[in-house]
Amino acid sequence: MHVASIEKLPLSTTGSPLLIRCKTFLSVTFVIPKDSECHDVYTSLLKLFQPVSINKLYCFNYQPNKDDFPKNAGWDYFKLEAEFKHMLVPNEAWTLCSMNEKYELCDTYPRQIYVPKEATTLMLISSSRFRSKGRLPVLTYLHNNKASICRCSQPLSGFSARCLEDEQMLEAIRKTNSNTDYMYVVDTRPRINAMANRAAGKGYENEAFYENIKFHFLGIENIHVQRASLQKVLEACEQKSPTMSAFINALESSGWLKHIRSILDTSSFIANAVDKGVSVVVHCSDGWDRTAQVCSLAQLMLNPYYRTIKGFQALIEKDWLAFGHKFSERCGHIQTDAREVSPIFTQFLDCTWQLMSQRSEAFEFNERFLLILHDHVHSCQFGTFVGNCEKDRLDLKLAERTFSLWGYMANHLNEYINPLYKPNVDEAIKANLAPQCIKFWRGMYSRFESGIHPREPLGDVLLDSKEHCNSLEDHVQHLTKRIASFKNYISKSAKKLQDATSAPGKVNKELSSNEINDNKYNYDKKLSELSAADDDHPLKASNMSFASLSLSAEQSSPPQALPEEINSVAVDWKPMRNVTTCSCSTPFDQFSKKTHCWRCGDIFCERCIDKNVALPGHDSGKPVPVCRGCFRQMQKQSP
């Protein structure tokens, strides 16, 4: 499913080259000695790499190991009603509309849509008919200052058409926010594109008809321009040993970074308006590409909840999956019109990465999290991103027939943690749009180029150091308690020995005091006295030993367990730097997560560290990662 294109290159002296480009930005050239065999492989791959039917996708056959996670895991993690309750909706201004329960109002919207309480049935139906694809203005985000973000598609206005109910609908949205007497309507398209659409009977809102709105064009190019731009980026990355000027010129001619900045600029405009208490209605052409990008990015800037792992997943569920971004068409899951394929979601992840690069402490997740999302949007291994809208996914019964990506990711959360994250960082963050701050995302587009990445991501090294420190601190805490317990134990034992062997009136008080304080001297002296005593000595008869005395109430485990407790925690962890392969022969690249076993300190891949157990040498008793070998040893040792 990751194959994007197959190209048969001109015959060379060594054979017939076959170039395969992947949606993960991996490019591989196979040189096949015989041209006829190369042609056979080429035609076979062309027929097989894209299924004709959506039911032939990988997700319908994928079966993970039975112990990994159940089939229903992840499908019930997010509910649209719960996400709106998080925003305190419904409330006195907004209400749940039941008219789309059977997708009759708009079949690419979710069943639950939230509209102003003032909106009448006639307003909703008429507005839906006046908007492209029936995508009427509905709520997607309500800020804590009552300012909202609503989304829709372009009006079918042509050069002069108008719809009174649609005008009333926008006025009802404006009235939900008592902060201001106006609101913004943002058209994400370049003005010239919107004007060209008027000739086709579509277009944009006429400010003469819509009261109290301020209209803005913000100039994000369409899906065809974005697709061509990404193709030029890939050509720049595929250059063999490029010079500085060749790479920079190729990247500049692609226009990719300009597009990324344009999306961030529009998102920043929306976020700033909402932060100042002004509501915004957003649309592009059909309201499922550029609208999804800027609405979700604006929320990412405004609300720290969406900058957590769970919140970011919820944002994707709400603004991309529920509101009908056409994943199967835009990602080319099946054989379809090639002009419908476009890197819209890739750009959203790129913009998120730009924000992360500028404000790393504001995000709970790391770069690996975004790469995993990107790869599995295209892989079709999970049913989460299959289909073009919520209705498609229900018709395909994906929750019953396939596994969820969220269920898989829940088992690997430790791989996605950003060690620099500060939960109490600013409520809203702002993007720095200076040209010098918009970067080429090497980790995505040049991911498979050797020699241009650090050996280990900085985040992984920091997280590893943090985990090592946590392990040692936990171990020190445990040993401190054990030492305190033994001190108490030795002191009491010395007192008992002294009381039992000293005759009244013959012991100097000062000496007695010294004996009790000098535990080692006291212990050695009394043991020698016992060994020379008569066989009927009461303490000697009791088979007196250091280990057999009862421990204090503070100490729960016997002294014999001490070596096991000390040996159960690795004090030294193997350095990550020179480890190139796991013991299972899996090679580590710059994006593979290297994980330490907390018991032996060796390094393994994520597949070989799939057990979490509590170590006897840790005070907290929390389960920690251990390798399979250590897990088996601990199972043998446990009673």
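Backbone N, Cα and C define each Cβ position, glycine as well.
Keep in mind that TrEMBL annotations are predicted by a computer and have not been checked by a curator.
Taken from TrEMBL, the feature domain 'Myotubularin phosphatase' covers 74-445. Residues or ranges marked as substrate binding site in TrEMBL: N222, I223, C284, S285, D286, G287, W288, D289, R290. Summarising the annotation, TrEMBL assigns domain 'Tyrosine specific protein phosphatases' to 254-297. Taken from TrEMBL, the feature active site, phosphocysteine intermediate applies to C284. Per TrEMBL, the feature domain 'FYVE-type' maps to 584-635.
Taken together, the residues of the domain 'FYVE-type' (584-635) have an average pLDDT of 89. The Cβ of N222 has fewer other Cβ atoms within 10 Å than any other of the binding-site residues N222, D286.
Through the fold, the domain 'Tyrosine specific protein phosphatases' (254-297) approaches residues 108, 132-133, 135, 137, 140-141, 143, 145-154, 170, 173-174, 176-177, 179-180, 182-189, 197, 202, 213, 216, 218-223, 225-226, 229-230, 232-233, 235-236, 306, 315-316, 319-320, 323-326, 330, 342, 344, 347-348, 350-352, 354-355, 428, 430-431, 433, 435, 438-440 of its own chain, all at least 6 residues removed from its boundaries and within a Cβ separation under 8 Å. Apart from the site residues N222, I223, C284, S285, D286, G287, W288, D289, R290, the chain places the Cβ of S153, T188, T291 no farther than 8 Å from the centroid of the site's Cβ atoms, the recorded substrate location. On its own chain, C284 (substrate binding site) has S153, Q154, D187, T188, R189, I220, R290, T291 as residues at least 6 apart in sequence with a Cβ closer than 8 Å to its own Cβ.
With DSSP states grouped into helix (H, G, I), strand (E, B) and coil, the domain 'Tyrosine specific protein phosphatases' (254-297) comes out at 29 helix, 4 strand, 11 coil. As a whole number, the greatest separation of Cα atoms within the substrate-binding residue list N222, I223, C284, S285, D286, G287, W288, D289, R290 is 12 Å.
Taking H, G and I as helix, E and B as strand and the rest as coil, DSSP gives the domain 'FYVE-type' (584-635) the counts 8 helix, 13 strand, 31 coil. Around the Cβ of W288 (substrate binding site), the same chain contributes T108, R135, S153, F323, G324, H325, K326, each under 8 angstroms and 6 or more positions distant in sequence. Counting Cβ atoms from all protein chains shown, R290 (substrate binding site) has 27 others lying within 10 Å of its own Cβ.
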